[in-house]
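Trainee: Sequence annotations record features per position, and here TrEMBL assigns compositional bias 'Acidic residues' to A:427-453. What TrEMBL records for A:454-465, A:480-492 is compositional bias 'Basic and acidic residues'. Sequence annotations record features per position, and here TrEMBL assigns compositional bias 'Basic residues' to A:543-555. Marked as domain 'BRCT' by TrEMBL: A:297-390. Positions annotated as region 'Disordered' by TrEMBL: A:419-492, A:527-555.
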Amino acid sequence: MGGLQKKKYESGSATNYVTRNKARKKLQLSLADFRRLCILKGIYPHEPKRKKKVNKGSTAPRTFYLVKDIRFLLHEPIVAKFREYKVFVRKLRKAYGKSEWGGVQRLRENKPVYKLDHIVKERYPTFIDALRDLDDALSMCFLFSTFARTGKCHVQTIQLCRRLSVEWMNYIVMSRSLRKVFLSIKGIYYQAEVLGQTVTWVVPYQFAHNHPTDVDYRVMATFTEFYTTLLGFVNFRLYQTLNLLYPPKVWYGALGLDACYKNNDETQTLHKDLLPSFQEDAEALVVREKEQKEQDSLKNLFEGLKFFLNREVPREPLAFLLRCFGAQVSWEKSLCIGSTYDVNDETITHQVVDRPNVDKKYINRYYIQPQWVFDCVNSRIRLPVEDYFPGVTLPPHLSPFVEHKEGDYVPPEKLRLMSLQRGERPGEDEDGGDDDGEEEEDDDDDMDDEEATDEKNLKLMEKQKSQGKALSVTVTPGKVKQENKMRLEQEEKAEEKRLAIMMMKKKEKYLYDKIVFGKKRKVREANKLAAKRKAHDDACKADKKKKKKKTTGRE
Amino acid sequence: MAAVAAKRIKRVAAGQHGFLSLNHTREQNSSRIGKRKRVNRNKKKNWNKYSDIQDIEDFLDDVRLQERATGGLLSEKPDDSLFFVDTGDQNKVAQEAPVTKRGKSSKPLRVDLILQHDSLVPSPKDILAHQQPNAKKLRRISQRVEKQVAKGLQLRSQKQLQRRKAGGATSSSEKSLPDDDPSRPFYDIWGQEEMLSGDAFYLEQTKKKPVKRPDRLNEKPSSLPAVEIIGPGGSYNPDFFDHQALLLEAHMVEEKKQKEELKLAQQLAVRKEDIATEETIFQEQVEGLVEEDDEEEDEPKGEEEPKGSAPAVGREKKTERQRKREKAQKEREKEKRTQRELVDQRQQLFQLRSIRADLKRREQRTRQKQAQYQAQKEAQKFCPQRLGKLKFQAPDLEVQLSDELSGSLRTLKPEGSILKDRFKSLQKRNIIEPRERAKFIRRNKVKYVEKRAFKAIT
């Protein structure tokens, strides 16, 4: 027929995507360089919705990039640097082969180098964008700083990562922004609040690792290259907000934070939350003030305490954590630089040990296991020290990242924690989901109990009357019944709820019943688990008693 | 070239009388004594190859050296300049000391005599000393300088000096610092405001401003959080039930794997009855070869069956009447249909309610489908996509069994590796595609050949 027919795969999604090899050829780069460029610029491959169309009829699995993305890559100036580097490598190889050592030196001195500053600025136009993406960067930097300096990846990268991670930890300590910490079998998870953004990162333990073989080190090195640049700029900006000099004169071997490096002589000002002030009503203001007070008390959790870390405890995480909350820390001089006082100092209030028994004990200090510090941070109060003495079975280390919903099983340790937290602040009302549920249940139970007693009394009175006895009822001056306002409010709310339930349509009522059934089932399961736990605890207690009896019996 | 020249020299030297070459001396001597290649030295081709001018070259070198160093050929110099007669008289030397007269030039110093340059090779001419400045040029230069100074511009020399003073060394140091240098400096990248203004296209084309990044690239490819925190059962000292929950999860994963293996095994399983035994093999081989009585009875039954089908009826042509009848029928049906449609249309007025209900139902269905599609799209954002040849392999759950749990931080043995975790997380969030290590495939077959030397031995 005519020539104006539309041909297949000439327009539409087939022309919006391009395969990886075609993109690479368009950019005239090798595969490794292409991958590096995509990682640095933040270009990701896409999976098209209609694979058959894009792949021109075949369903072979291929990597597709958007054509517009590749065209955008063509404007990138570091592509030229990659090509220069390729030429440099070729010349260097030739010089080596011809044994021209003068040429080798000259080439090495003029090695082509590229900078990633403009890419950072392009990908994160504002500072807050950079803060949002900081999780990945931090985790990668901390990870690389723990690598062994064998030369598999550049030693300079490892040193730079170490420097940046120490600077970041410094900032967190100065601004007291750490909120949660979790010790897991993988590593240590931290969460901090920086300028309104929540930042979470994971740090591996300092023990020796076997490096897995199926990880692509080149890719990770490229990511680290970009992330170190990003983290450096973020650190600079953060230090600026605190009016501190950057780069700080810190010893990168240790968290030697006692070094003085501020550029103005003011005493440490706690970093106030820079929340925007907008029109609020009184209630919200009160809530915010309460939050502020809580946060301030959190920041001074360990204020005034003096800690000493024994040799066997992990020094860096503990020092970081303790300093974040206002304590003074020290360790043995022979371990690392930066220790201020020795173990014989009389004013030490707590000593962190991890051995089952301690040789020499000073009277005026507490000996605790390291979990005490982490649990205190998570529960935001100073927990009683007795549970964490050396040799004592520790309570479980609960994750602060778990949100307990209504009716979920809450471990009794957590309940104790919450009661402790409440015990510390008697006059305030806690608004948590659990507590509402619990309180309602308590109310119902209370009311049931009262009704039961009333009924019993009435029955008794009726019996008496039927027996013809004179009821010992007299008229007495009335007592002013103090109406509990809270109680009244709650009753009103319950009434309203009941009315609403009555007025529901059949269908809606059916759904509502289902939901309530589900909730009740959860509660029942939680109760079951709690009962199990109680049984287990009782059994433990019985065992202990038996053992005690046995030992006493023997003696 | 150098190799050819070397060869030539070697050959020529070897051809010389009395010269012994190092290689194959004995062979050469035994085979070549008395046998010299007959070469025509008059041909142009052989001038370079077989003529030796080394002695002339030596002589000329010597002459040039004499001219350079001693100022002329030594053979042409007068005797006095080269030799002196040694009389051995010390008194005469004392008498010969001249009386120096003031005002008159004394004899030149001995040092000067020795150091004077007496080579026949003259020193090169200093061209710049001969150059006489063009008055016009000089005038113009001075006028230009005056104008520049009047305008307030700096002279080129002054500019260069200032640049040097400002620190020309920084440019080289900036160039030499690579990105991963541990002491690299940082600055406030977000603090500097944009100075450039003007047409965006012009600025982009002249590379004064970078090309704008498309907004699509600022979206994250996945809605998963960057750092996925392990559940409460992964704590180093977990609560009992949380730990059990984690173990249950790991158990489910293992169960699933086992189930799949079982399924595969079932599909590939062979029944015992299907396995070939000797009997069945024999039966197969003997199939159709043994004639029995039963077979003859079966045959006639088979023959009768195909007779049952009726023969095809021969068709006659349709008559005119038949055609007319068919046409009329068709038209009647058509009329009926149109009538029916008209009636239907009028009746639709009374079916409004049911039509509305129908429409409502349809709309609801489309809305439901749309919601489902949106939900699916959102869910897609949380899944790892298929970005290449390999599918995403979820990493193993990090679990420690109850007896591996250590109560204290000191005896804790970490599980899994953060490096692998980060790598897998990047793959999960569709940032990089899953790849495996490239295998080394030999294109050509390997052949083993013994060396000639060893062949002689073995």
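Cβ from N, Cα, C; glycine included.
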Trainee: Within the domain 'BRCT' (A:297-390), what mean pLDDT does the predicted structure show?
Mentor: 88
Trainee: What are the DSSP helix, strand and coil residue counts for the compositional bias 'Basic and acidic residues' (A:454-465)?
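Mentor: So the counts come to 12 helix, 0 strand, 0 coil.
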Trainee: For the domain 'BRCT' (A:297-390), jot down how many residues DSSP puts in helix, in strand and in coil.
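Mentor: With helix first, then strand, then coil, the domain 'BRCT' (A:297-390) has 26 helix, 13 strand, 55 coil.
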Trainee: For the compositional bias 'Basic and acidic residues' (A:480-492), DSSP counts of helix, strand and coil?
Mentor: 8 helix, 0 strand, 5 coil
Trainee: Quick one: DSSP breakdown of the region 'Disordered' (A:527-555) into helix, strand and coil?
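Mentor: Summed over the region 'Disordered' (A:527-555), the classes give 28 helix, 0 strand, 1 coil.
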